[in-house]
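Comments concern the structure below.
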């Protein structure tokens with residue numbers, strides 16, 4: 001009915017403690033938690049499945065402590081190898097920093113660094129917050145929890161350590177590069193040779209570098225932190241390059257994750273004797 | 001293409017309550033959802049409340065949620081939906097509803113006021129500003145923002161947790177902090193304002209868990225997360241967590 | 001008596017676009033308490049739609065530029081009908097207004113030496129438009145918005161209240177300027193809060209109108225729903241005159257396809273940056289449409305035109321960059337001659353003129369707009385464009401220096417709602433600078449006026465009778481079916497239908513090309529619509545009810561449309577934004593004549609239902625002679641094209 005009377009002051013019922021988020025009393029009353037009609041669950045599900053598969057594989061390989069060296073190749077999971085119980089690697093990044101008392105797989109000593117790098121990576125954070133934590137599962141799909149503090153307090157405030165892990169990741173990538181160079185030897189250590197394994201390591205290290213350098217922290221350190229690009233032309237150009245890599249950070253994160261697993265798996269196949277490394281020259 | 005009749009469900013009501021109402025409306029070639037809402041207004045529900053202005057994606061007024069996704073009504077073409085598809089329109093669900101598709105977006109205006117304004121540099125008069133394109137390029141991206149508040153609406157930090165509205169400025173206004181921090185002539189530092197610190201301590205930067213929904217919904221295609229929020233987080237890391245930067249700053253104090 | 005919320009401020013600004021916000025900033029910086037009222041949310045005003053840039057002769061790109069050249073271009077563009085003093089002030093002050101924006105945080109595109117970059121535009125002799133890609137209006141509105149916030153932050157620090165001295169009433173509509181009991185001086189404004197429907201009165205000795213234009217009275221328009229001529233109507237109803245209302249600018253390039261986006265603007269920068277117009281034969285037809293008064297200024301061959309982009313000093317500019325009225329007429333003529341594009345426009349092509357990357361960088365929002373709304377990739381194919389109602393040159397008759405409305409003490413007007421500055425046709429880029437220059441002046445003089453009123457201890461009090469009348473008027477749509485027996489002879493009318501009919505009428509009969517018979521027909525139809533609009537009824541209640549809002553806005557649109565139609569019928573010549581099929585030539589005798597519209601019944605009642613007579617009375621005013629030193633900026637030969645022999649000999 002048409003009415004021109006003055007609107008009355010509205011009476012609001014007391015807040016329902018159970019109602020929060022999109023069901024808070026002030027919001028439009030829509031019973032459904034969300035109204036998305038597309039397959040919004042597909043992306044987080046695929047992400048979770050992919051990450052889970054990698055975790056399973058890498059856990060098995062990291063704890064196995066075997067079949068990670070097949071001269072001249074070393075698995076990226078086990079380099080550098082810093083325990084006495086490491087398989088001797090000719091010329092490799094193989095230092096006995098941890099003595100005989102270390103009985104576990106040597107991979108566990110160094111995997112913490114690439115793992116930490118990826119765990120605190122801005123892309124992976126998005127991926128697992130969405131995929132595992134459902135925080136949020138997808139845009140405009142509500143979170144299942146009652147309280148949220150984000151990365152403001154322990155433990156998630158530690159995500160700010162990404163910068164440290166980036167520095168370590170650069171060192172690790174440097175060592176893996178060295179490993180790849182060593183891959184240009186034959187089984188007896190003579191230089192100037194190449195096999196399929198060399199190629200696998202080469203592809204892996206390129207992707208590792210691309211992923212590492214495309215990192216948001218790297219982008220920031222290289223130039224992002226500047227206020228005036230015009231006063232630092234070289235860093236501005238570097239920042240431009242890193243920025244264009246950074247735009248593909250997600251793709252590189254996945255590509256390098258797969259490549260590192262494949263490189264390890266290749267070394268495993270060769271080391272365990274299941275596969276004979278074809279030599280090119 | 002010929003005209004056809006589409007099935008719409010439009011939320012009608014106010015803070016007291018409401019629900020989705022069915023409408024069957026004609027759709028013609030090239031139309032956007034806002035055209036259909038206008039047709040509903042003109043022919044079936046003259047008092048259907050909706051905000052809109054430019055109808056060209058430039059003013060950011062007609063924000064709503066279409067099939068559960070935050071979007072501009074004027075930039076959502078009908079051709080993206082199937083003819084048999086039921087199209088559901090609700091008001092933004094992160095803000096208090098006023099009536100029908102109109103919500104109370106005052107949260108955003110309050111947050112806007114809490115970001116300290118641009119501080120003009122001492123000793124430079126009007127006409128004496130010199131800035132270079134490579135320096136203004138970054139903040140210019142953020143100034144493309146049309147303040148449609150879709151990012152604020154979709155951000156789970158406030159959408160799913162009303163109580164966080166107090167502490168969290170939302171992507172739009174964290175981006176504003178980033179914009180000012182990257183402004184080549186902003187003299188906030190000289191005026192004793194540390195924008196990096198305020199981002200973290202006053203505007204709730206830490207609540208952001210960079211899940212990128214703001215970037216996904218931005219109708220201007222601004223890379224809010226990659227270009228504003230993450231750089232801001234990195235700047236906060238600079239001043240608090242990075243040993244090398246701290247050391248570097250100690251050794252040679254050079255303005256960046 | 002109706003329940004009305006009351007507040008008292010020193011200065012009220014109606015409208016929060018470029019002019020309104022600039023006025024508010026100035027009034028506040030003068031120490032006055034200032035309220036800004038806007039129909040939309042803060043920061044959504046129509047100014048955001050401005051794309052190309054702000055014209056200001058800073059001379060950053062071409063050092064030959066100065067205010068005299070800008071003044072000359074403006075007068076030429078307006079075919080010498082401009083109020084010369086406004087054009088002079090505008091040209092002189094524009095650079096300061098632009099530079100000032102930088103101190104408030106604006107980030108314009110830069111020249112290689114770090115200054116504000118300036119681009120070419122139609123009718124401007126040198127690259128003159130300060131810009132940010134093709135979203136300059138957004139930058140302008142955001143900068144002013146953020147300056148307001150900055151001032152509010154200062155007030156918060158000083159008084160503990162953000163809104164102590166500067167408050168934005170967003171989503172409020174003003175329906176009446178209220179005067180004191182004598183009906184002499186302005187005492188405040190009356191309106192309603194859109195969200196709740198509650199009425200309010202803001203008492204203030206000075207009211208600045210900055211409400212923008214009237215485009216929503218036309219069907220094909222680049223204007224948003226807000227452009228219902230509110231300020232024009234408010235001024236008329238308060239007893240102020242409007243000038244030059246026959247001059248309505250049709251922007252040559254609006255989108256024509258698909259139908260739902262018809263009229264949306266395609267920025268002139270497309271042509272300024274190298275875009276060309278072609279007809280269906282692939283011909284660059286603009287070379288055939290260079291009028292005599294511009295023959296020496298524009299290239300005659302495609303080669304010369306193309307060379308101009310690289311070497312503007314030794315070549316003449318391409319005819320695509322003629323003033324907007326010329327280009328709009330040319331497009332109209334091509335389409336009429338059967339050489340139009342498939343959807344009734346012509347082709348505007350940048351794809352063959354610039355690499356895709358450059359297009360995306362220089363025209364990002366155009367690229368986006370066509371991609372999203374029309375499925376057209378402008379880097380690969382031409383756009384289809386046609387004229388669209390864009391701007392009204394006419395407006396409140398104001399004092400050039402103070403922007404005070406003639407005859408109504410306390411009323412000021414700035415921006416599109418003010419008349420005189422642009423003459424018969426506005427140059428692109430001159431509107432944003434107009435907003436800033438005269439917005440500031442309006443704020444300044446309104447503040448001074450308020451100061452004097454306060455000093456003399458005669459703050460005018462709003463007349464309660466006027467407030468009651470205004471409330472009754474606003475409520476009428478709710479009683480359309482039943483009450484008001486003197487008027488409601490017939491069923492309630494749907495305001496949306498009435499609006500559509502009004503738009504169709506103005507578009508078809510008082511559009512880009514006009515004829516006496518059609519305009520007489522238009523006046524008939526307007527009279528009929530006016531009678532029906534008295535019965536416009538609405539459903540629902542007062543809370544955010546768009547049907548009600550539109551029913552109220554109809555009054556304004558009908559008033560303004562009648563002004564346009566009457567003035568257009570009276571002026572028997574073609575000039576700038578006014579083109580008569582039956583009087584196709586410009587007539588020098590008409591140049592010093594301004595047509596002024598006033599309310600026929602100055603008592604303020606709108607009950608005059610006599611269709612023939614209408615609500616508007618026309619007067620002819622003679623414009624003041626142009627100051628000799630300003631005339632001296634032009635060649636004698638050129639002046640002879642515009643001024644009568646009598647004027648020339650003086």
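Cβ atoms are placed via backbone N, Cα and C, with glycine included.
Annotated by TrEMBL as transmembrane segment, the relevant range among A:191-211, A:212-232 is A:191-211. Ranges compared are A:19-39, A:40-60, and TrEMBL records transmembrane segment for A:40-60. Ranked by number of Cβ pairs under 8 Å to the transmembrane segment (A:40-60), the listed stretches A:98-117, A:191-211, A:251-271 are led by A:251-271. Sequence-distant contacts of the transmembrane segment (A:191-211) (same chain, six or more residues past either end, CB-CB distance under 8 Å): 70, 72-73, 76, 173, 176-177, 179-180, 183-185, 245, 249, 252-253, 255-256, 259-260, 262-263, 266-267, 270, 277-281.
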